[in-house]
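If you look up Swiss-Prot, you'll see Thr235, Ala236, Glu237, Glu289, Ser389 marked as L-serine binding site, on the strength of sequence analysis. Under the heading ATP binding site, Swiss-Prot lists Arg266, Ser267, Glu268, Glu353, Ile354, Ser355, Ser356.
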Amino acid sequence: MLDPKFLRNELEATAESLATRGFILDVERLSKLEEKRKSLQVATEELQASRNAISKSIGQAKAKGEDVAPIMAQVGDLGSQLDSKKAELAELLEELNAIALSVPNLPDASAPIGKDESENVEVRRWGTIKEYGFEVKDHVELGETLGGLDFKSAVKITGSRFIIMKGQIARMHRALAQFMLDLHTTEHGYTETYVPLLVNEDSLMGTGQLPKFGEDLFHTKPATEEGQGLSLIPTAEVPLTNIARDTIIDEAELPVKLTAHTPCFRSEAGSYGRDTRGLIRQHQFDKVELVQLVKPEDSMAALDALTGHAEKVLEKLGLPYRTVILCTGDMGFGSSKTFDIEVWLPAQNTYREISSCSNMQDFQARRMQARYKAADAKKPALLHTLNGSGLAVGRTLVAVLENYQNEDGSITVPEVLRPYMGGLEKIG
């Protein structure tokens, strides 16, 4: 969430910045609520001071042998007024907090202003797009012909947007995840982490999925008097980042760099009719996630580095890609700046997103109270959090199947994956 003090003191500037994201901040409502908050705060403090002053006079009256009943009655009346004002203030603060939780992050000044994905800006391309001397097949046809992708059985067992993988294609899917983890842990300095696949509401609130995006989640257990509800993770970003929730990290331990390979679960609310064929948009998919916790002054350099770590996966696999910086109107709710990496898919004759790398600055950290303390600092300060896919495993499999297909329908195994597949050079 945004800094409440900044929001109050820079209301017009905040509204102007948020408008570039297509978010309309109700300035008039917030201004009225803020005036009411100030008034209630002053009234509460004055009542408290009056009650304290009169309470002190009780002892003096007793010492003089005076009747203290009228004073006691006055104290009681002030106490009732104070309780009423406190309750009113608490209700107002709850309303202000709910508004604050619904407001997206401010875009960084370096993010291009634009209304939607058509105004994203390409920053670089890598690799050469292969010319095929035959009609290319998409990953669905390739996978089904090889007996490695079974959509029909998945629909029968569960429903649409699920997959069963078998044989060497399932093995390649596993190999891709292992390769990614090995690359990030041995060359990029991340610590491999095993995390829960179920998270509570505090965790989802901390990373920004709640309260705004509850419909995108698979909820497995409702909240009860005994405890919070649990939901399946939409991304390992949630448990990885929440490791720092309500924690103060020593400056010497920064940066913290974590990676995890997990299944991810998304309802894909609002995606009806989009990417209904194949593995591009699934309710359950695997992803290798990258998370960094850094000092504020290091976060933009960390974003460039993290994006490079995700790009390196594609480079080692020999898959052409392009990287774009998202415009303000296309950024995620909690992001201040995002790079999307898009891999080339021959069957679609276009680039498709395979990774989104974002700097959240202190947006998540403020929600989570994730802080660090410098050796010479009197107080701890908020961390900056970053995350990105390194990569989405299913979409990477799609890219390998399509880019490495041969005319006879077989798939050449990329060299970097062969050690993970027992030296296998070709599928089919």
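Backbone N, Cα and C define each Cβ position, glycine as well.
Small disclaimer: the values here were computed from a predicted structure and weren't measured.
On the structure: features taken from Swiss-Prot.
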residue: Thr235; record: L-serine binding site; contacts (Cβ under 8 Å, 6+ apart): Cys264, Lys287, Glu289, Asn387, Ser389
residue: Ala236; record: L-serine binding site; contacts (Cβ under 8 Å, 6+ apart): Val195, Ala260, His261, Thr262, Cys264, Lys287, Glu289, Val291
residue: Glu237; record: L-serine binding site; contacts (Cβ under 8 Å, 6+ apart): Thr207, Glu289, Val291, Asn387
residue: Arg266; record: ATP binding site; contacts (Cβ under 8 Å, 6+ apart): Asp216, Leu217, Phe218, Pro234, His283
residue: Ser267; record: ATP binding site; contacts (Cβ under 8 Å, 6+ apart): Glu215, Asp216, Leu217, Phe218, His283
residue: Glu268; record: ATP binding site; contacts (Cβ under 8 Å, 6+ apart): Arg161, Asp216, Arg281, His283
residue: Glu353; record: ATP binding site; contacts (Cβ under 8 Å, 6+ apart): Asp340, Ile341, Glu342, Arg395
residue: Ile354; record: ATP binding site; contacts (Cβ under 8 Å, 6+ apart): Leu314, Tyr321, Ile341, Glu342, Val343, Ser389, Leu391, Ala392, Arg395, Thr396, Ala399
residue: Ser356; record: ATP binding site; contacts (Cβ under 8 Å, 6+ apart): Gly332, Thr338, Phe339, Asp340, Ile341, Gly388, Ser389
Packing count at Glu289 (L-serine binding site) (other Cβ atoms within 10 Å of its Cβ): 28
Set of same-chain residues at least 6 away whose C-beta sits under 8 angstroms from Ser355 (ATP binding site): Ala310, Asp340, Ile341, Gly388, Ser389, Gly390, Leu391, Ala392
Coarse DSSP state, helix versus strand versus coil, of Glu268 (ATP binding site): coil
Cα-Cα distance, maximum over Arg266, Ser267, Glu268, Glu353, Ile354, Ser355, Ser356, record's ATP binders, Å: 19
For L-serine, whose listed binding residues are Thr235, Ala236, Glu237, Glu289, Ser389, the greatest C-alpha pairwise distance in Å: 9
